[in-house]
Amino acid sequence: MRRNCCHVSFASTLKILNFVQAFIGVSIIIYSIWMLHEYSRHLPVDPPPSASSSSGTEIATSVSEPLKNPIDFVASIILGSNGGDHGFNLRSLDLPAPWFIYSFMAVGILVCIVTFIGFIAAEAINGCCLCFYSILKTLLILLEAALVAYIAIDRHWEKDLPYDPTGELSSLRAFIEENIDICKWVGIAVVAVQLLSLLLAMVLRAMVSTPKPELDEEEDDENPRSRTWDPLLGPQGNQAPAGSSKIENWSSRIREKYGLNQSPPVNPKG
C-alpha cells in the first residue's frame, strides 16, 4: 500500500499522542515501585478492630447464607440492598496487604501495553492493528468513565473497598482534595489525549481500509502506457520495407560504381 502525506501526518500525530500516554503509564509504574519500596521499609499500619473481631462462626454463616438463598444474593448485588448480610462487599475478599499499590501498578502496565500497540499500529498503518488498538482504547476509556462515575455517585466509596494498610489510598485522596483544580485539568487533558488518539486511529483505519480507488488509478495509469506503445510499434512495422528498399538502392549503387551490373560482352559470329 502506498503511503501518502496524509497517512504519514496522521500516523506521526498518533505516535506523539501515544508517547504522551506512555510517559503517563511509565510514571504510574515508577511511582508504584516507589510506594512498594516505602511500604517494605516501614511497618504496616494495624488493621481496624472491626476487621479483627470477626469470628470463624460468623465467617462460615456469612458464606453459607448466600448459598442457601442464591436468588436473594444476586438480587442484593444488582439492587444494592443492605438488608441482611447478603450484599457483596469487597472487604470480605482476601487480598494482599499492598493491594492498592498492585492495582495502581496494573493500571500503569495496562496503559503501557495499549500505548505499545498504538505505536505498532501507527508505524505499520495496518487496518487490523488500528482496529485492535481502537477496541482496546475504547474499553480503557469506558473503564475509566465507569470508575469516575462510581466515585462521583457513591460518596462513601472508600467504605466499599478493602482496608489499605499502606495508607497510600488515603494520602492520594488527600493530595487530590488539596489540589483539586490542578487534578481536574490534568484529568481533562488525559481524557482529551485518549479521545484524540482514538479518533485519529479510527480516521486512519478508515483511510487505510479503502484502497480500491488507488488500484483503479493505477490501472488507468497502466492503460495509457500500453496505448502509447501501440503507435510506436505500428510505424516500426511499416518502416521495415522502407529500410529494405534503402539497402537495395545502396547495393545497386555499389554495383554500378564498380561495374558489377555490367553484363559480359557477346562475341559476334563471323
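Glycine is no exception: its Cβ is also placed from the backbone N, Cα and C atoms.
Sequence annotations record features per position, and here Swiss-Prot assigns phosphoserine to Ser245.
Under the heading topological domain 'Cytoplasmic', Swiss-Prot lists 1-15 (among others), citing sequence analysis as support. With a cut-off of 8 Å between Cβ atoms, the residues of this chain six or more beyond the topological domain 'Cytoplasmic' (1-15) that come close are 118-119, 121-123, 125, 197, 200-201, 203-204, 207-208, 211, 214.
The topological domain 'Extracellular' annotation in Swiss-Prot covers 37-99 (among others).
Feature annotation from Swiss-Prot assigns topological domain 'Cytoplasmic' to 121-132 (among others); the stated evidence is sequence analysis. Beyond its flanks by at least six residues, the topological domain 'Cytoplasmic' (121-132) meets 1, 3, 7, 11-12, 14-15, 18, 201-202, 204-205, 208-209 of its own chain at Cβ-Cβ distances under 8 Å.
As annotated by Swiss-Prot, topological domain 'Extracellular' applies to 154-183 (among others), with the evidence given as sequence analysis.
Annotated topological domain 'Cytoplasmic' per Swiss-Prot: 205-270 (among others), in sequence order.
According to Swiss-Prot, the transmembrane segment annotation covers 16-36 (among others), on the basis of sequence analysis. Within the same chain, residues 98, 101-102, 104-105, 107-112, 114-116, 118-119, 122, 166, 168, 190, 193-194, 196-197, 200 sit at least 6 positions outside the transmembrane segment (16-36) and bring their C-beta atoms closer than 8 Å to a C-beta of that stretch.
For the transmembrane segment (100-120), the residues of the chain that approach it from at least six positions outside its boundaries are 14-15, 17-18, 21-22, 24-29, 31-33, 35-36, 39, 129, 132-133, 136-137, 140, 164, 166, 168-169, 197, 201, judged by C-beta separation under 8 angstroms. Annotation source Swiss-Prot lists transmembrane segment at 100-120 (among others), citing sequence analysis.
The transmembrane segment annotation in Swiss-Prot covers 133-153 (among others).
Summarising the annotation, Swiss-Prot assigns transmembrane segment to 184-204 (among others) and lists sequence analysis as the type of evidence.
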Any residues 6+ beyond the ends of the transmembrane segment (133-153) with a Cβ under 8 Å from its own?
110-111, 114, 117-118, 121, 191, 194-195, 197-198, 201-202, 205
Confidence summary (mean pLDDT) of the topological domain 'Cytoplasmic' (205-270):
60
Looking only at the topological domain 'Extracellular' (154-183), what are its DSSP counts of helix, strand and coil residues?
19 helix, 0 strand, 11 coil
